[in-house]
Structure formats: structure tokens, C-alpha cells
Amino acid sequence: MAVGLAIESRGGEYNGRTTPFVVVSCMMAAMGGVIFGYDIGISGGVTSMEPFLKKFFPEVYTKMKEDIEISNYCKFDSQLLTSFTSSLSVAGLIASFFASPITRAFGRRPTILAGGAAFLAGAALGGAAFNVYMLIFGRVLLGVGVGFTNQSVPLYLSEMAPFRYRGAISNGFQFCVGIGALSANLINYGTEKIKGGWGWRISLAMAAVPASILILGALFLPETPNSLIQRSNDHHKAKMMLQRVRGTEDVQAELDDLIKASSISKTVNHPFMKIMERKYRPQLVMAIAIPFFQQVTGINVIAFYAPILFRTIGLGESASLMSAVVTGVVGTGSTFISMLIVDKLGRRVLFTVGGIQMLVSLLMIGGIMEAQLGDHGGMSKGYALLVLILICIYVTGFGWSWGPLGWLVPSEIFPLEIRSAGQSITVAVSFLFTFVVAQTFLAMLCHFKFGIFFFFGGWVAVMTVFVYLLLPETKNMPIEQMDIVWTEHWFWKRIVKEKHEIE
């Protein structure tokens, strides 16, 4: 990872290499992805555990065990149950807007630290919960933590990474989300077998482990050169950090770009108003469209409710949790592959291939469930296994496309003056539609039945066409020179040209 390289761009030459210092710093920051993934994975598992349902959601437990007339698709339909899952998204949505000025004024590192602390408090409260209100309040604290870390960590990774390897390093965030979700699924599988029915407490409380690691790591993280320049006029300190980050004394070209970007950003007092200007229209559209599309792929149906979904098609409690582990393994593996190839093949290729793969698998899952799963009874083991395989294919497609790229692309396209605002919009839109999908999925599953997979498949088709037509390629472009990709794009150049005509 420490191989030296000279980097030449269309806007000038950057010297540097991927240093061990950068790798270690980014690995520690990416722990913010682990806490996000752990929470996503753990909530879906505990909501399928019978002792957890019996204690906090007895109506759901009764429907599942005793109501023989209710449809397979409706056994878990409970607004209170979905409130447990989606309360995190509401808290994260609100927290992301508070995180933006903190990230801009105090830096990326303090925001990461604050997020880890809030998540740690939420983990403690959830593990000790004795009623549903305490449980949901713990979820709210977890949401505050995730809101802060999802705001700051992708920015940190994009700004620290050498631009030629920015995709691989930034995709480390989604890879860590996968690691967190996989760890949660494994822990759920183990704790479900604990006699006495209190294993869910271990599952919820174990979120404190990655949160503690993130807090300790954040205490020693360096601030990014971009943030140092943005928050002060001490260019010497920023240069020293840039030299340490890039592993070379010759960083003047990159430093000059950072100083220029910073001087522009300091003229902006209201970045949320600034991002509404015509010249930032492409970035604003992507800040809204990409996280929206990422959520309506249907991935959180799998992430939050995989064990419940597997129980719907007739698998037992333990088999459902193990199936969630399997999907976690293939999803994490495909994200790792994405890290290796994203800077070679580019963002657009992975978006397109992954989209087609998800679309085909969703249509096939819906078709099989229509043909084989009625309102009562189960599905044969053979067809249940086929559905599991198709879900793995779907998760693989997401794992090397919309999963990591949904965080990578927004984090690298904003100029410094609107970067914290743009990332806040991205995170807020993501949480908003995570909440909508999480809160409505069980009701949609009850009413749409197998059609829910056709619903998400339609959105996957739309987003694949959107990316093909409107997203320019951003690989191998320095983050402070990213405006070039919009001025050369067939559609966006007509909108942003006024900026360059004025300048």
C-alpha cells in the first residue's frame, strides 16, 4: 500500500503515494461504517427473536404463533415494530443537519468523536431496556451517532485519500458497513440459542464495542488538510499535514488547489443557500437522487428484515438468522471486490452492471414467490433455497454498485465551499427514505405481497437509466478539480457554463 506514484491530472500534477499513515487513519475513521452496519444488522435479527417479540411486541408474537388465518405476508405487520427500526432513521435525519455546521466549524475528527459517543450511549440503553420506550429512546441515540458519523466519515476518507485511489479508500466505508452487518448477524445467530431468552440484550449491547473503538481511534486521528485550511489561515500547518499524508515534500500543486478552494469557501456564510445556485445544480441533483435511489433499491428490506423475510417463506428462526449471515458474507465480499476495481473500471460501469444484476434477481424473486408462496403454508425447501440464492445475487449486485458508490460519489463531487452542506443533504435524504422504507415495508409486504419485489425492481430500472444518462465519470479526478467533469458532460455543461463564462 505504500508504493510511491506521481499523479498527473488534467488540472496539474500532484505528487504523493498511499502512505501507511493514510491507510491506518482511514481504517480507523471507517469504523464509523462498522457501527452503522452493526445497527442495521442487529435490528433485523432481534425483531425475529421470539423472546424479544414476546417481551416488547406481544401482539406480533401472538399473530406469528397462534393466528392460523393471517396471511404469511402479514404476520409481522406492526407499526410499533417498524417504529423500533425506523426511529434511528428519524434521529439520524435530524442529527445530520446539526452535524453539518459542526463539521465545517470544528472539523471532521470532532464530529466523528461526537457520533461515537452518542452511539455508545444508545447501545448501553438498548441493552438494558425494560420497556419499549426505553428501547426506542436508545435507538434515537444510536441514530444521532450514525447521523454524525455518516456526515463526517465519507468526507474524511475522500479528503485524505490520494485521488487515484479515492474510490478504493472511500469504498472502505461501505465495506465496514458490511463487516458491521455481518458481525451483527453472526452475533444474533449465536445469542438466539441462549437459554433464558435474554440473548437479544447481548446483541443490542455489543454495539458498544465498535463504538468504543471508534471513540478511542478518533482521539488520535489527524484532521484532514482540507479542513485545516478551511478553518484557519495556518497554511504551514496544513502543508505539514499534507506532506505527512502524501509521503512527499513536494505537495505545492495540491496545496495551491486547497488554498484556492478554501478562499472561495470562506466567502460563503450560508452553504445551504449557496448550494441552491444554478452552478451547483448537478451536485444538488446528485445529493438528492443518489441517496434516494440507494434506498429504493430495496436493500434495507434485506438489511433490516432479512430474517423476517426468510421466516415469511417458511424457514425456522435459526435457519432465518443463518440465511441472513450468508447474505452478509456475499454482500461484504462483493464490496471488497468493488474496492479493488472501482478506480480501474470507474463508477458508471459498476453502477450499470450492478443495477442490471439487481433488477433481474428482484424480478425472479417476485415471480417465484407469486408462483410458490400462497397466503398460508410454506414454500418447499428447494424453492426457499432458490430464493436465498437469488437474494445473494441481488445483494452482490448492490455490494459492488449502489452500496459503496452511493456514499463514494456524493462525497467526492462537492467543492469545498458547499461540501459539508452537500454531505448533510445526502445523509438526510438517505435517512429520510430509509425511514420511509423501514416504516412502510411490513405494511407494503402485507398488501403488495410478492409485488413488493416488482415495485423495487421498477425503481432499479429507473436509477440505472438515470446513472447512464446523467452521471459523469469521476474516477482519476482530483477532488478540488471535480467541476471539470460537469463542464464536459453532454447535459450538465449547458447548466453550469455560466459559472465559467463569468469567471
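Placed from the backbone N, Cα and C atoms, the Cβ positions cover glycine too.
What you are looking at is a predicted structure, and each value in this text was computed from that prediction instead of being measured.
Listed in TrEMBL for this protein:
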type     : residues : note
TRANSMEM : 21-42    : transmembrane segment
DOMAIN   : 25-475   : domain 'Major facilitator superfamily (MFS) profile'
TRANSMEM : 80-99    : transmembrane segment
TRANSMEM : 111-130  : transmembrane segment
TRANSMEM : 199-221  : transmembrane segment
TRANSMEM : 284-308  : transmembrane segment
TRANSMEM : 320-342  : transmembrane segment
TRANSMEM : 349-371  : transmembrane segment
TRANSMEM : 383-403  : transmembrane segment
TRANSMEM : 424-444  : transmembrane segment
TRANSMEM : 450-471  : transmembrane segment
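Among 21-42, 80-99, 320-342, 383-403, 424-444, 21-42 has the largest number of CB pairs under 8 A with the transmembrane segment (199-221). If you look at the transmembrane segment (80-99), the same-chain residues 6 or more away from its ends with a CB under 8 A from one of its CBs are 39, 43-44, 47, 56-57, 59-60, 111, 114-115, 118, 132, 135-136, 139-144, 146-148, 150-152, 304, 424, 427-428, 431-432, 434-435, 438-443. Residues of the same chain lying 6 or more positions beyond the ends of the transmembrane segment (450-471) and with a Cβ under 8 Å from any Cβ of it are 285-286, 289, 293, 296-298, 301, 347-348, 351-352, 355-356, 358-359, 362-363, 365-367, 369-370, 373, 402, 409, 441, 444, 491-492.
A Cβ distance under 8 Å defines the sequence-distant neighbours of the transmembrane segment (349-371), meaning residues of its chain 6+ beyond its ends; these are 297-298, 313, 338, 341-342, 379, 383, 386-387, 390-391, 393-394, 396-402, 405, 449-454, 456-457, 460-461, 463-464, 467-468, 471.
Averaged across the domain 'Major facilitator superfamily (MFS) profile' (25-475), pLDDT in this predicted model comes to 86.
Sequence-distant contacts of the transmembrane segment (21-42) (same chain, at least 6 residues past either end, Cβ-Cβ under 8 Å): 1-2, 88, 112, 115-116, 119, 142, 145-146, 149-150, 152-153, 156-157, 160-162, 169, 172-185, 187-188, 203-204, 206-207, 210-211, 213-214, 217-218, 220-222, 244-245, 247, 300, 303-304, 324, 328.
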